[in-house]
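Below is one structure, written out as structure tokens; comments come after it.
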Amino acid sequence: MSDTSILAYCRPGYENDTANELTSRYGEAGFYGYPVSKKNSGFAHYHLYDAAQLEQTVTQFAVHDSIFPRQLVAVFAAINDVEKEDRVGQVLDALKEVEKPFSIFGAVDVEYPDTEEGKTLAKFCRKFTVPLRQALRKAGWLTAKENLGKPKLHIFFASFEICYIGFTLPSHASRDHLGICRLKFPSDSPSRSTLKLEDALVNMLSNKQQSKVLRSGGRAVDLGACPGGWTYQLVKRGMYVEAIDNGLIADSLMSTGLVEHHAADGFTYRPQFGRVDLLVCDMIEQPDRVAKLMGDWLVKHWATHAIFNIKLPMKRRYETVVEAMTSLNSRLDALDDAFAVKVRHLYHDRDEVTVTIVRTSKDEV
């Protein structure tokens with residue numbers, strides 16, 4: 001059957017926050033609809049009133065420019081009573097009933113929610129992909145060879161009985177299956193929190209920005225550094241780090257000669273040489289306090305760039321992020337410099353979002 005909506009994959013428990021973000025951002029852009037979400041389902045829908053706006057809506061902003069969605073899929077068909085006997089045939093029949101959004105797709109992903117229930121679908125989805133891909137190619141829906149430069153077809157099984165059919169565009173979608181970038185924990189890191197910063201560096205900064213922000217020989221400050229998970233990522237890239245925490249920093253980091261440990265309050269500490277290239281912060285504090293502190297460092301040029309986490313409350317999480325970032329952005333907008341700002345709820349984040357702020361000149365924007 002026909003279904004016109006934006007399907008957003010998200011962390012379980014964040015469905016309502018994801019729905020609030022979609023409603024706010026699409027509504028402000030004039031793409032009107034209504035959200036549907038179920039707690040702990042791992043996804044949310046934004047149903048459009050005007051089906052003709054589907055492609056225009058999904059290109060309104062890329063998934064990496066959103067906060068809570070891991071993937072944004074433009075859904076144009078759904079099957080609410082999938083039968084075991086001929087699932088491939090049912091998908092093909094559903095596609096025959098709708099207008100083809102593109103002449104051909106370059107790839108297909110068969111996906112499922114990132115939940116305990118979703119994991120029971122994982123094996124089936126992997127096995128189902130091969131015969132489905134073959135049938136789609138035979139029916140003229142897929143290129144003979146995978147072409148990731150073309151739109152991708154997504155078959156999302158919410159359960160064994162319900163699946164949604166949609167597409168993503170390569171310029172606006174996550175490249176990762178389920179929208180999840182899985183990273184391997186480095187055995188020599190003192191803390192699993194290191195994956196949060198690595199996730200941000202890999203997925204929120206372009207290669208050019210990484211070279212600019214993480215230059216070997218540069219200086220950084222890590223507020224709330226103990227035991228050194230974030231410092232580890234900076235040292236690994238050859239940066240000198242002022243690690244600020246009343247707790248101890250791992251001996252393995254101190255022995256590199258790149259780390260200075262200062263037992264001090266993160267809110268009152270100032271850089272040893274007046275400024276640093278990068279400020280990072282994963283302190284457990286109120287969102288508005290962290291946003292103000294980060295603003296102070298950037299406005300007063302104590303730091304050129306910043307990467308930090310904002311811890312989230314149990315309720316009004318989207319609104320909390322917007323309020324904190326609106327306040328911070330207003331301070332940055334008053335400066336002569338320009339800033340590339342991103343806010344993401346990364347896979348390795350829990351009840352927090354990660355913010356990257358890269359300073360540029362006005363001419364670079």
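Heads up, the Cβ atoms here are built off N, Cα and C, so glycines get one too.
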Per Swiss-Prot, member of Asp176, Asp265, Asp288, Asp296 binding S-adenosyl-L-methionine alongside Ser193, Cys226, Pro227, Gly228, Gly229, Asp245, Asp282: Asp265
Cβ neighbour count within 10 Å of Lys311 (active site, proton acceptor): 17
Nearest-integer angstrom distance between the alpha carbons (Cα) of Gly228 (S-adenosyl-L-methionine binding site) and Lys311 (active site, proton acceptor): 19
Between Asp265 (S-adenosyl-L-methionine binding site) and Lys311 (active site, proton acceptor), the C-alpha gap once rounded to whole angstrom: 18
Lys311 (active site, proton acceptor) and Cys226 (S-adenosyl-L-methionine binding site), Cα-Cα, nearest whole angstrom: 17
